[in-house]
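Written below as structure tokens is the structure these notes are about.
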Amino acid sequence: MKFDRHRRLRSSKTMRDLVRETHVRKEDLIYPIFVVEQDDIKSEIKSLPGIYQISLNLLHEEIKEAYDLGIRAIMFFGVPNDKDDIGSGAYDHNGVVQEATRISKNLYKDLLIVADTCLCEYTDHGHCGVIDDHTHDVDNDKSLPLLVKTAISQVEAGADIIAPSNMMDGFVAEIREGLDQAGYQNIPIMSYGIKYASSFFGPFRDAADSAPSFGDRKTYQMDPANRLEALRELESDLKEGCDMMIVKPSLSYLDIIRDVKNNTNVPVVAYNVSGEYSMTKAAALNGWIDEEKIVMEQMISMKRAGADLIITYFAKDICRYLDK
């Protein structure tokens, strides 16, 4: 009986490495860091084991560790002391993320800073924009100018990439126009344009103190049941001028990553979100899984689905795995 012998190409590790189709590299990784304004704080986030809220005066230690491991792109999330109803801390020249950006750039000029451009960490109500007094929903068009101000302040501080994440309609177009008018035509936009209203975001909201004080975000983030909607969001953001596209979350949305990859030539970014990280960490800490093997399999799955880059809290761990 004649049959195909697929095992020929699996006969040894060297052979398997030779024909491997998908690879994870340090250059693919973006590392998120939570920064706080108070001094002398390095506080582990209970729902994100191994991830910390870090003071500005201690930030250099975290940046140096990440850089020495081979990480060359980071993303800051600010935890400010004071919040208000319009998120003014987001576009404060001396805001916590702006200061973190300056510190990092003074340490390593070649370290890429990806700026998460949103208001939720800075609003006292925890929503991602200005609240309309009548509808009690986020006012899309009134929120856009504040996003533009935030993006410009982040670039002025040294950010290399703007990543708007509040899912307002038209946010890419408005930010692109604002950056261009301010003389920042060469700053790329990494859009969070495909961001689902996911339950996997829970630990992040603990870390950034950004949970909504009322309602939810389902009027501006996407329904997890929808697939075609992602392509509509992609089409809009490409027309508006985005240079890279984020899919968030990632592991439960690998089909969406593949759809996006099949329908664009811009880099696709998978956000391996807090809930995905925490589930894996919890299982590993209980001895139920082999953390290294599971994490690398998860990263491979995102790359195989079509992701070019991965935002992940596992970034430092992955660098250590790759160094073995």
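Glycine is treated like the rest: Cβ placed from N, Cα and C.
Sequence annotations record features per position, and here Swiss-Prot assigns active site, schiff-base intermediate with substrate to Lys195 (among others). In the three-state DSSP assignment, the secondary structure recorded for Lys195 (active site, schiff-base intermediate with substrate) is strand.
There are 24 other Cβ atoms within 10 Å of the Cβ belonging to Lys248 (active site, schiff-base intermediate with substrate). Mapped onto three states, the DSSP output places Lys248 (active site, schiff-base intermediate with substrate) in strand. Annotation source Swiss-Prot lists active site, schiff-base intermediate with substrate at Lys248 (among others), citing similarity to another entry.
The DSSP secondary structure for Cys128 (Zn(2+) binding site) is coil. The Zn(2+) binding site annotation in Swiss-Prot covers Cys118, Cys120, Cys128.
The 5-aminolevulinate 1 binding site feature in Swiss-Prot is assigned to Arg205, Arg217; the stated evidence is similarity to another entry.
Of all Cβ atoms in the protein chains displayed, 22 besides its own lie within 10 Å of the Cβ of Glu233 (Mg(2+) binding site). The feature Mg(2+) binding site is assigned by Swiss-Prot to Glu233.
Residues annotated as 5-aminolevulinate 2 binding site in Swiss-Prot, with similarity to another entry given as evidence: Ser274, Tyr313.
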Neighbour tally for Tyr313 (5-aminolevulinate 2 binding site), based on other Cβ positions within 10 Å of its Cβ: 26
Rounded Cα separation (Å) that holds between Cys120 (Zn(2+) binding site) and Lys195 (active site, schiff-base intermediate with substrate): 15
Subset of recorded positions (Cys128, Lys195, Tyr313) lying within 10 A of Lys248 (active site, schiff-base intermediate with substrate), CA to CA, in sequence order: Lys195
Spatial neighbour of Lys195 (active site, schiff-base intermediate with substrate) that is closest, considering only the binding-site residues Cys118, Cys128, Glu233, Ser274, Tyr313 and their CA atoms: Glu233
